[in-house]
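Database features (TrEMBL):
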REPEAT    163-197  repeat 'PPR'
REPEAT    233-267  repeat 'PPR'
REPEAT    268-302  repeat 'PPR'
REPEAT    303-337  repeat 'PPR'
REPEAT    338-372  repeat 'PPR'
REPEAT    373-407  repeat 'PPR'
REPEAT    408-442  repeat 'PPR'
REPEAT    513-547  repeat 'PPR'
REPEAT    618-652  repeat 'PPR'
REPEAT    723-757  repeat 'PPR'
REPEAT    793-827  repeat 'PPR'
REPEAT    828-862  repeat 'PPR'
Amino acid sequence: MTKSTLSLRRHHLPLPLRLRKLTTLPSPLSDPTTNKPDSNSDSLLAEEIASILTATSSAADWKRLLAAADVPSRLTPGAITALLRPPSGDRIPPPLLLDFFYHSQQTLTLASSSSLAVLLSNSRHFGPLNGLLQRVIRSHPHQSPSHILDSIVDSFEARPGSDPAVFDVLIDTFKNMGMLEPASRVVFSMKDRNLAPSLRCLNSLLKDLLRANSMDLFFKVFAFMRDSGYTCDEYTFSSVIAAYFRVGEVDLAKRVVLEMREMGLVPNAVIYNNLIAGFCRVGKVDDGFELKREMVEKGLVADCFTYGTLINGLCKERRSSEARKLLEEMYSLGLEPGIVVYSTLIDGFMMEGNIDAAFRLRDEMAGYGIRPNLITYNNLIRGVCKVGKMDKAHELLREMFRIGWKPDTMTYNLIIDGHLRESDSDGAFRLLDEMKRCNVSPNLFTYSALVNGLCRMGESRRASALIKEMTSSGLRPNPVIYSSIIVAQCREGRIEEACETLDIMAEGKVVPDEFCYNSLIIGLCKAGKMEEAKRYFVKMSDRGLSPNTFTYGALIEGHSKAGEMDAADGYLKEMLGRGLKPNNVIYTTLMDGYCKADNVEKVFSTFHSLLGKDILPDIKAYSVLIHNFSKNGKMHEALQVFSELEEKGLVPDVYTYSSIISGFCKSGELEKAIHLHDQMCHKGVEPNIVTYNALIDGSFKLGNIESAKSLFKLALEKGLVPTGVTYTIMIDGYCKLENISEAFVLFDEMVSRGILPDNFVYNALLDGCCKVMNLERALELLNEMLVKGCSVTVLTFNTLIDGFCKLGKLQYANQLFQLMVKKGIVPNNVTYTTLIDGHTKDGKMDEACQLFLEMQQRNQMPNAITYTSLIDGHCRLGNTKEAIALFEEMMAKGIMQDDVTCDVVIRAYCEEGNLLEAFKLKDAILEKGMHMKYITYFALIDALFTKADFSGAMQLLKEMKEKGIKPKDSECTKLIHSLSSKGFVEEANRLLEVMVDGNWVTQQTT
């Protein structure tokens, strides 16, 4: 391209056209008569029309003359073509020709229109030309922009020396009709035809593409300009800079500025403003300030647009105080901020919660005579609603009416949303009614805000009712609104209604999307309804919707919590097969499920799978491992994982620490737990009430009341609120240690805090009262439980029955037994065993045996304790045969005997004189690693002495000494006296010597 061409372009003149050589082939879209000789009649008619048009000065005259000559009825396409050709066409001014065609109401062919367009362009009548081209585009909707261009090119080439501005006007016409894509196609097609639009035209097109946010087309047109050798000017660069900022390419925008300077172009105020606006849009306000200083240094004036842009940028960055100073600077420079600047500042202060500053600005603008508009009021209302000042919002609403501003839909939406944020649904509905009375139509956002707010407050049924109202007012609820209702219904436990809502959507011709299905599937999985969840998962797929990570995550979590790990693993594999990448949460859920299933191998394989997918385990993943190891008493493994997470730079949270502390407390390692507590405090991780619950429980388990009290006090000092679990641990701990008075103090405190005691607390207190034999208070607690409707269980009655049995008050124990049966509480083997033991100890063997039969009739199987009580009872009454028979029955039923049972039976055998069975049982006991009491040894020794087996008796005494079994002094004396009374005085003296030697009795024992 020549230097002269570049020079012309730089001065915005139409670009010279490099025309292609004319061909003899007609354009496929040209008039068929164009290339044929006109008939003599057509030429004569054209000349007649030309003479009439040029002979008169007014439109009325030529219209009258044409009618008189009957021209309209004789007009043919051939005559029109002839009229547009020389010599006729050259004689008539193009605007007059256009008027003639409009008057004749003849449909012009594309070729005829193109010829007329070229004539209008040549005569510089661009207004009529634009109108003609609009008609052409509308009347040829199926013709592509390239075809229209071809037709005009044909006409243009048929008249050498024609004005190329016709092509600029064609592009402008498409553009002004909002047809930016066809306008751009004309530009690209011109290059193929060796044509080029003017720089002015392209700059205008770039500006409109930018305004329409058609960024792909923008950069294609700009690339065309670069490839075609255009020399861009300030207007081009201004648009390009704005475009790069629009797409976030800050560095490229800066590079354009450098390119301008290299070309010797000085950025003007408009370009600087574009740059400043761009930097502010991408959050680089400080760069914007640097440009403002630069433009002032270059003698350019920062105007209201410059300041408004910077103020807006600062407000978006929550730097409204700095923006306020710019407002003052504007006034000092004589600039007058408008309503937009003030509204921006007010909104900025409101976003920061500085309501007072926002209202001071409102008063200030009024002082300057700037009347707040609807946007200003909406910004003020948005701010006060955000901080819950609903009275102030209503005050502003009244003020709007007072000064003549009619609130719009957004105004009411903001206040309705504000009421809902404050959980005031009634206030929101009052505003909705007022809105309708004022003829302000609620829109989709109005109902969306109401539905979301009601769902958030647990009023999903009221939200569902709004769907009908929306539909009747012509608004169609979208899937987002329905999904909010579905989520709320699931959260409120109304799963069936959630399923119905999804089904109703299809009836209302609203197609459920992935989010709707996910909301329901997640709700069903949380409710443990896995079969239903699977059914909707299939429905979702049948509708052609693709399950995503949330869908699979919900199914995996649901099955994992249900312990259905095979199903959970199946969904994981299906998810991977679809190319979806499981996240940390999904893997953590699986690990938790495998931990609960005690499948350690799968826990670690899942953890390694997570690592293999290049997913870095987060603190939750590690915490799940630690929690489950600690819960199962595997403290060594828990500490190994804890060390690993610290090595990876992860910071343990309170959940992680609490899990290990709880594990140490359960294993009785309180010192380690307290050390870890001190460590977490030192590292800035504040323990929560769960942490202290574990430590307090650990202290009580070790019988350390003072430690428990100190920890409880420390929790209160830290501002932690004790929960029901805290009080339950404390009360249970005090009761187990028989400190009942402290337990009841805590019980009263618990009730005063509004924490309702559960049956576990009452049972702990009952057990404590029974331990200290305060059965009167225990009965009061039982009555209190019954009056309050607490869940009274078999454990409750067992505790009381045991207490009365230990006191020998069998009458009360039997009455409680009858009461529990009356209440529909089925006695268990503990109940019967407790009553049997009580009756046997009281010597009431008939009643005990009756209870023994009854329990078996009720399918309550006796255990070793039951049999031992009966055996011991029979032995007390000397019924050794019955005792031994029961023991043999017990053995036949495969009930494992314990050392207590064996001790009783051995003594029974000794009473019977059956030393062979007694010693067999003794050997069996010792072989199983069980221990034998000294009283049983003494029974065997006494029996051996009776049989005159002195060496055997002495051997047993030696065995007792070797095992470290030390009998009571009284029992030793009793055995010595027994031997003496039987005439074994010498043996009694020898026995005494052994006992004195073993420090069982003193030398003074006689």
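The count begins at 1 with the first shown residue.
Positions of Cβ are set from backbone N, Cα and C atoms, glycine also.
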What residues in the same chain, six or more past the boundaries of the repeat 'PPR' (338-372), come closer than 8 Å to it by Cβ-Cβ distance?
304, 307-308, 311-312, 314-316, 318, 320-321, 323-324, 327, 330, 379-380, 382-384, 386-387, 389, 392, 403, 405
Long-range Cβ neighbours of the repeat 'PPR' (618-652) (under 8 Å; 6 or more residues past either end):
584-585, 587-588, 591-592, 595-596, 598, 603, 607, 610, 659-660, 662-664, 666-667, 669, 680, 683, 685
Could you tell me what the rest of the chain brings near the repeat 'PPR' (513-547), counting residues at least six beyond its ends with Cβ under 8 Å?
479-480, 482-483, 486-487, 489-491, 493, 495, 498-499, 502, 505, 554-555, 557-559, 561-562, 564, 567, 575, 578
Long-range neighbours of the repeat 'PPR' (268-302), counting only residues six or more past its ends (CB under 8 A):
234, 237-238, 241-242, 244-246, 248, 250, 253, 257, 260, 309-310, 312-314, 316-317, 319, 333
Close approaches to the repeat 'PPR' (303-337) from elsewhere in its chain (Cβ under 8 angstroms; 6 or more beyond its ends):
269, 272-273, 276-277, 279-281, 283, 285, 288-289, 292, 295, 344-345, 347-349, 351-352, 354, 357, 361, 370
State the non-local partners of the repeat 'PPR' (233-267) in its own chain: residues 6+ outside its ends, Cβ under 8 Å from one of its Cβ atoms.
10, 12, 199, 202-203, 206-207, 210, 213, 215, 218-219, 222, 225, 274-275, 277-279, 281-282, 284, 295, 298
Restricting to the repeat 'PPR' (233-267), what is the model's mean pLDDT?
83
